[in-house]
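Here the structure is laid out as structure tokens; the discussion comes afterwards.
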Amino acid sequence: MEYERRGGRGDRTGRYGATDRSQDDSGENRSRDHDYRDMDYRSYPREYGSQEGKHEYDDSSEEQSAEDSYEASPGSETQRRRRRRHRHSPTGPPGFPRDGDYRDQDYRTEQGEEEEEEDEEEEEEKASNIVMLRMLPQAATEDDIRGQLQSHGVQAREVRLMRNKSSGQSRGFAFVEFSHLQDATRWMEANQHSLNILGQKVSMHYSDPKPKINEDWLCNKCGVQNFKRREKCFKCGVPKSEAEQKLPLGTRLDQQALPLGGRELSQGLLPLPQPYQAQGVLTSQALSQGSEPSSENANDTIILRNLNPHSTMDSILGALAPYAVLSSSNVRVIKDKQTQLNRGFAFIQLSTIVEAAQLLQILQALHPPLTIDGKTINVEFAKGSKRDMASNEGSRINAASVASTAIAAAQWAISQASQGGESAWAAPEEPPVDYSYYQQDEGYGSSQGTDSLYAHGYLKNSKGPGMTGTKGDPAGTGPEASLEAGADSVSLQAFSRAQPGAAPGLYQQSAEGSSGQSTATNSQSYTIISPAVLKAELQSPTQPSSSAFPPATSPTAPEAYSQYPVPDVSTYQYDETSGYYYDPQTGLYYDPNSQYYYNAQSQQYLYWDGERRTYIPALEQSADGHKDTGASSKEGKEKKEKHKTKTAQQIAKDMERWARSLNKQKENFKNSFQPISALRDDERRESATADAGYAILEKKGALAERQHTSMDLPKLASDDRPSPPRGLVAAYSGESDSEEEQERGGPEREEKLTDWQKLACLLCRRQFPSKEALIRHQQLSGLHKQNLEIHRRAHLSENELEALEKNDMEQMKYRDRAAERREKYGIPEPPEPKRRKYGGISTASVDFEQPTRDGLGSDNIGSRMLQAMGWKEGSGLGRKKQGIVTPIEAQTRVRGSGLGARGSSYGVTSTESYKETLHKTMVTRFNEAQ
């Protein structure tokens, strides 16, 4: 360890010292002693300079400032200068001088040695994009340094002047950071390593920051990162000596503990296949590098970026349904508090890091990439606070779950679809497929004692919110699959090639449409078949796949819509009169609560369709959702039904009743409803668009009442167009039913609300274990009675609804039964007052406020006391009767006047009236004036 003794300034006077010199020395000796080469020019650490002495002796400081990290480096200028001085010094290695006094050493160097030192200094300085300025004036600021930079035409990223933390004064040095190394080198060469700031020469040096040593330690038991001074693990309590595991420099915990890409998957998880690769687009090496998720921030949470502001949680869950089994508790959409729209990103949290890594790898390997509501989604690991990222081998083994099985199975379908290239989709003969994944899945499900993920299939001939098919092949040789995610999600046709015994459930396709010209005209629906239906199909292999289901609906060509740009919520203007946001580009009004648009010209509510990139009326969507089924039902009817035309207020009133019931049934439907495969199609079809259409009608009625204008909506259907059947809200179609059906369909309609075969109440959407429990539910359940009352009211006519509402209002009104009794029987006479037992003598009424107004009588207590002492009325008081005769009267004075002041009293007493007081006052003032 280096140690150098530092003396005072008076000691550094010369080579031979100042105390032993005689005063008779010649002038030549004096001039030689004061030669500049005799001075000690060693660079001692100053207050504003490097604190390297501190760092030489103590390297364990945990809190180092930024300026110390810049200066306290092994290759700093001062240390280099000392090493060169010791190298050229004849005294030998660094340490104490031989004679014990540094003043006995000759520190003078020749001119050649100084030039050699400068050359070595320039060679040893390593170029850096950070330049250090030393010997700055105390008055110099950052602006002065920036002025020097601007004068040379150089742009710096940051200029930082080091100041004292307590006083705020400059410490005499600063750092200038450049964006590129070339800029720093060019500036140093242009100024020849020196500057002139405020008339003072400033030296310039390359800064070499000291690398920070990772002093934290990892516990090899639980994987938690602990601070340096902690002697025991924060989580498991294992001592540091037993559980210490040093982190290599530049690495992180998650890079060591997390196996990705299927290289070190734990037992119980399905192996990940190779990611999908489109031929001619990417090489296998480039795709494997790009698709592998980065493990730098690996955790159990994934972030979805670039979301549509109108995307909901249902659309996100639907887009991710082919790859993972998620619920609303796994997804969190970040919304704006003011507009209630999402802020463009959402988080997906899974149970383990392994599952999150598998899902991330699947989503990043999709080609085309994942899209939700027409926008391409960027998928990454979420960057959060420090958490427990590592897990032991046993916890990773227990991380196998149904979600990871579904992820691996979905990615297996993608890899199987990509093995044969694009030509494999149209091959008439299907190549043999390896079903080891499904067999492994079956074994896992049996070991857990539950059915597999695909054991229950309930979606028949329907489009899920996040799964839509592509065009069908007219020859039946094989559908042309689309590997788009989100709205056009990954095709699951590979599941239809699986063996019967491979999995309890099976995906099946029903190709529809006669012409395969475009993917927009025809649609292909995917059906999940329950085991019972699958068994019936296997018994008759020659039967077509669609024979086990109701006849497929014929697809219809979509109507032509105008294309619009994606709505930009930031350009909307708030309208105080309507409470909506006005879109200046389209002229529509936006409702942030329902996320729908209102057209003031056509008086219609619209919603944004990301697939068609246009605004679609809400009523049109609700009617189109049931158009195909209604067409097939009308072919069996010969008579035409009458349809009622309702105003917006009436429809909004009807929808308001149903909105209340829907909100109550949502939680019951999610928690207690067990799907039944034999339910009717119209009861099973739950369209989010139709639900939004009903909710928006309620908003329309509220807007109409606020503007006090009647807005007549177009007819729900024309005479030659059938009425839409019941969908999610089965009672709304009853509003358009004929009156004849309403009269005859009361008990029959209520009977249809119960499925006795499945022991289920279709109205409450609940299934019961026995018939007695179902009957008890119908008789005693308050929820069933409430839903039944809403169902009955929904089928009433307008007159009946008005009468029922009037009756309800009368019942809710307060009934004054006392007034009814008085009107019927009259008011009874008041009872006679009770008679007193002893009748007292009626005394004359005396004004209690002025008892002495008329003077004092001889019957008062004071007069009787005086009479008892010998006083007689009319005589004065006192022993000799020399006192006053008349009693003293209280007189009023003018407020604020003294006792003896003139005009303070006008002879008015307190018992006189206002008129008498005014008269006496006038008389007194008149007498005083004379």
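Any Cβ shown, glycine's included, is placed from N, Cα and C.
It should be emphasised that the depicted structure is a prediction, and the values quoted were computed from it without experimental measurement.
Cross-referencing Ser22, Ser288, Ser295, Ser736 with Swiss-Prot, the residue annotated as phosphoserine turns out to be Ser736. Ser738 is the residue among Ser26, Ser738 that Swiss-Prot describes as phosphoserine. Looking at Ser128, Ser489, Ser562, Ser733, Swiss-Prot tags one of them with phosphoserine, and that residue is Ser733. When DSSP labels each residue, the domain 'RRM 1' (129-209) comes out as 21 helix, 30 strand, 30 coil, counted as helix, strand and coil in that order. The separation of Ser781 (phosphoserine) from Arg902 (omega-N-methylarginine), Cα to Cα, is 94 Å. Distance noted between the C-alpha atoms of Ser797 (phosphoserine) and Ser781 (phosphoserine) is 27 Å.
Around the Cβ of Arg902 (omega-N-methylarginine), the number of neighbouring Cβ atoms within 10 Å comes to 8. Secondary structure at Ser797 (phosphoserine), as computed by DSSP, is coil.
Within 10 Å of the C-beta atom of Ser781 (phosphoserine) sit 15 other C-beta atoms, taking all shown protein chains into account. All protein chains shown were included, and the count of other CB atoms within 10 Å of the CB of Ser797 (phosphoserine) stands at 14.
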